[in-house]
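The transmembrane segment feature in TrEMBL is assigned to B:57-77, B:97-119, B:140-173, B:193-215, B:227-244, B:292-310.
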Amino acid sequence: MNDIMLTEEDDIIISTTRLTKAFGNLVAVNDLNLRVMRGDVFGFLGPNGSGKTTTIRMLLGLIRPTAGRAFIFGMDTHYQLPRILRRIGAVVETPVFYPYLSGRDNLRIIAAASDMARHPLTDKRIEEILELVELRSQAGLAYHKYSLGMKQRLGIAAALLTDPELILLDEPTNGLDPVGMVEIRQLIVRLAQQGKTIFLSSHILHEVQQVCNRVAILHRGNLIKQGDVSALLRQSEHILIRMNSAAEARAALQALQEARERGASWIKAIVAVGVGPSEQPGKASEASGEVATTLRVEAPAERSAEINALLAQRNLFAAAIHPQEGSLEEAFLELTAAAQLHGAAASGLGGLPAPAPYGRIVPGEGKRQ
Amino acid sequence: MHPIDTGLSTSAREGQPLAEQFASAPVLLGRRDYLSVLLRLTAMELYKLRRRPLTRISALIALLTTLLVFFALFLFSTGDGSGQVVRLLLPPTSLNIAVQTALTPFTILIIIIAGSTAGGEYTQGTIRLLFTRGPTRTQFLLAKVGAMLICCIVGISVLSISGLVIGYLLSLLRQAPSPAPFLTTSWLLHTGLFLLLAIFNWFIFAVIALFFGILGRSSAAGIGGGIVWYLLEPIIGQICQLSSELVQGPVSAFLRALPDYLIGNNLATLMAHQGYYIFGSSSISTLPDAEALTVLLAYIVLLLSIAGWLNHRRDITN
């Protein structure tokens with residue numbers, strides 16, 4: 001048992017315990033308990049102002065936590081920061097470099113600040129990293145002449161320069177064009193394949209869904225969810241059924257509800273959505289008085305055929321059945337909306353403090369095999 | 001290593017697979033003991049200083065001004081039959097002129113360089129780049145102090161030597177009387193001390209600018225704080241002197257003693273004492289060297305301690 005525990009501890013790259021940061025009365029991060037495992041591509045999500053950058057700054061020792069602890073590689077960031085930082089590459093917000101120096105010279109500065117020796121091999125590595133981020137041809141240009149995308153690339157180059165075990169990227173695709181964004185995503189995947197642990201803060205959910213295996217969602221400084229991306233996606237899977245008329249839609253709704261009562265527990269919920277024959281699936285017809293012809297069934301996408309068969313048994317034939325894969329965007333919006341309601345309810349109860357995190361932490365959860 | 005083609009780079013695809021390229025040059029780390037890291041960071045700071053347009057412009061201004069001062073002396077010596085002015089172009093007096101030229105106007109230049117070196121990291125936001133690389137915040141501060149010290153040493157040395165050379169070359173164009181013999185071991189020793197004090201003079205104002213740059217987290221604070229201190233000190237000294245004559249008793253004694261604890265007065269005392277041996281100048285302060293030196297060192301320790309404490313405790317936000 002102890003052996004297993006020790007192994008798990010070794011595999012935890014980042015762990016925070018009730019990490020809190022308050023700026024005066026404003027609680028930017030509240031009781032944050034994070035676990036990032038070795039080899040994770042960990043998405044750190046949250047709306048603007050949710051505390052993502054503050055958390056990253058605390059992990060990097062740029063700001064001191066008001067309470068709680070952060071451990072990286074098993075070391076306390078409060079006491080062993082220099083040892084930790086030597087194993088990390090980070091891009092915090094829009095990277096900033098010395099404007100009067102060229103991209104190459106800025107990397108030389110980073111190399112010196114990162115304890116890299118002055119040696120031809122260091123110069124070679126700088127050239128390779130510049131090549132990797134496609135800046136080699138502009139490496140001699142002064143940094144102040146760089147576009148936002150080029151600055152972002154140089155930031156990533158600086159983060160990768162020392163071949164770190166852990167890479168913290170705060171909005172790394174900010175300012176990049178679509179091609180650049182794809183390239184950075186591919187780079188992240190490749191770094192993960194090389195065994196790097198990546199902590200990716202972003203509000204581009206599509207980006208996170210594509211590259212991350214685990215996520216944490218922050219809302220107003222509180223952790224509202226932490227876990228596998230796949231599990232989160234499964235939660236928001238659903239099937240849209242479009243019937244030919246409102247009467248058929250009502251009959252289908254009844255049929256599915258009966259099936260659920262009879263034991264089809266995989267049907268979690270059924271909601272009538274969509275209006276008229278030209279409705280857009282997914283748009284609710286709330287209190288419009290119009291006729292709903294589309295049903296949204298909260299069920300795994302692979303159950304579409306079963307639903308079709310179930311309806312056919314009742315002589316109900318759907319005009320269309322759309323199995324909808326779960327999306328992080330949907331899951332995120334649901335979770336943040338729920339958190340908002342929770343927060344509003346809490347504040348309505350006589351000004352209670354901000355809600356405690358209800359993200360459950362499962363050690364080893366979502367660990368990459 | 002996985003030879004995976006990520007499609008990241010056309011140029012890279014044409015050569016070796018990216019994965020191999022990415023890892024082909026290893027990360028070669030230097031020694032990681034405290035002093036080695038500090039020396040590496042100091043070299044890094046000097047590299048940044050050397051590449052800054054501000055440093056280059058300041059150096060150019062200083063050299064041109066030194067040249068102009070000696071050229072003006074050369075012009076004044078045209079109608080000087082006694083050779084008094086021409087003698088100013090020759091050592092040992094030319095050394096004094098070169099050093100005083102460096103100290104009087106160019107202290108402001110060193111304040112500008114130092115203030116922007118420390119505060120500029122905050123103004124530009126590069127402070128977070130440095131503080132997330134591994135070395136401690138104290139090492140970064142000490143590296144800046146070290147770089148400024150080296151900058152002061154190089155600056156004073158170059159300006160002094162330039163003054164001596166320019167003065168000598170210009171004196172060749174005039175019928176200069178041969179100088180009295182002065183080159184003795186004692187003279188060399190005192191000249192060495194005199195130059196060290198000139199370096200110290202620059203350095204202490206560089207420390208003040210560094211302190212204000214860190215305190216105010218901006219270049220403007222560093223430069224403004226340093227210049228205000230530099231310009232205000234003599235005025236405060238004068239006010240204290242005048243006020244002490246208007247009042248009586250312990251307040252008067254306090255006001256009389258206060259200028260003895262001002263940086264400028266202590267520096268002037270130390271330099272005047274060395275000047276007496278080198279140039280035979282008559283203005284000797286009653287303040288002992290040891291006391292003046294202690295006061296100046298106390299300032300440096302105090303300012304750097306506060307700057308270090310601020311640097312260490314401070315949250316780095318936007």
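From the backbone N, Cα and C atoms, a Cβ is placed for every residue, glycine too.
With a threshold of 8 Å between CB atoms, the same-chain residues lying at least 6 positions outside the transmembrane segment (B:57-77) that come near it are 85-86, 88-89, 94, 97-98, 101-102, 105-106, 109, 112-113, 155, 158-159, 162-163, 166-167, 170, 173-174.
When Cβ-Cβ distances under 8 Å to the transmembrane segment (B:140-173) are tallied for each of B:97-119, B:193-215, B:292-310, the top count falls to B:97-119. The stretch from B:97-119, B:227-244, B:292-310 that makes the most Cβ contacts under 8 Å with the transmembrane segment (B:193-215) is B:97-119.
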